[in-house]
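Enquirer: The domain 'G-protein coupled receptors family 1 profile' feature in TrEMBL is assigned to 39-288. The transmembrane segment annotation in TrEMBL covers 20-46, 58-80, 100-118, 138-160, 195-223, 235-258, 270-290.
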Amino acid sequence: MANQTRAHEFILLGFPGSQYLQTFLFVLFSMMYILTVMGNMAIIILVRTCCHMQTPMYFFLCNFSFLEIWYTTACIPKTLAVFLGTSRTISFTGCITQMYFILSFGCTECFLLSAMAYDRYLAICYPLHYSSIMNSTLSAWLALCCWVCGFLAIYVPAYLVTRLSFCGPNVINHFYCDLDSWIVLSCTDTHLLQLVAFITSFIVLLGTCIVTLISYILIISTIARIPLAQGRQKAFSICSAHLAVVIIGYGSTIFLYIKPSVQNTLALNKIVNTLNTIVTPLLNPFIYTLRNKEVKKALEKALTGM
């Protein structure tokens, strides 16, 4: 049965509709994907080439932009093929691989957001000791731990998916392989998988969210005590971009994964997943360039120099 399951193929339904709708979605998603890659690559190049941006904050931002590129790449190319109708089928191995990488990148994003919040907490609440605490070694270790923990967190749920059997319909009501689709299609008991997935989501999402919230509560309380309005504005501008990304990212992700049941939610999940895997990675570069004055000035200087 295991061998038969691994050789099984699935059909990605995508967004059902007319050919005009499929063409429109293909063009829309293609443009969003290109802009996402270009925007995040621009941030990486900008940070790496500007000497005054060689700080832990921008080191984490580089990691985050690099992550967003691969996060959306794990999803979009196959989605575009589904819209064109050229390749709606996907093998069991390809499906489980896609799911593993998308969920791993999602977990890594949560860990990176909490590390970035901790970095901002140290910079604003302990400015005199910041450079000695958050040095290049600590920031590198934090980034490495975020990536390792993100990929390890999904190992057990992914392994449990490989033990499932599929003897009924093979149509996945989504534009990529996600965990809920596996649970709905399986003809074997999935209670253990759902429990493990819920516990993993609870620990990763709420754990990192608590760290992030505590960091920002302390940051806001420190900013409120700054006597000069100009100083408060400067401190808030440093972390406002990251705070906007946190609100968008955690809002959609918690909705998707912190829930006891997956029944009757696949159609709504597709809409929220579009926000989570496509729209958010596209918005992040614009949020950082518009809300972060240093990035904005560096970008203007680079464009002027061209």
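The backbone N, Cα and C atoms fix where each Cβ goes, and this holds for glycine too.
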Enquirer: Which residues of the same chain, at least 6 past either end of the transmembrane segment (100-118), have a Cβ under 8 Å from a Cβ in it?
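Expert: Distal contacts: 57, 60-61, 63-64, 67-68, 70-71, 74-75, 142-143, 145-147, 149-151, 153-154, 157-158, 176-179, 204-205, 208-209, 211-212, 215-216, 242, 245-246, 249-250, 253, 276-277.
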Enquirer: Grab the pLDDT values for the domain 'G-protein coupled receptors family 1 profile' (39-288) and give me their mean, rounded.
Expert: 84
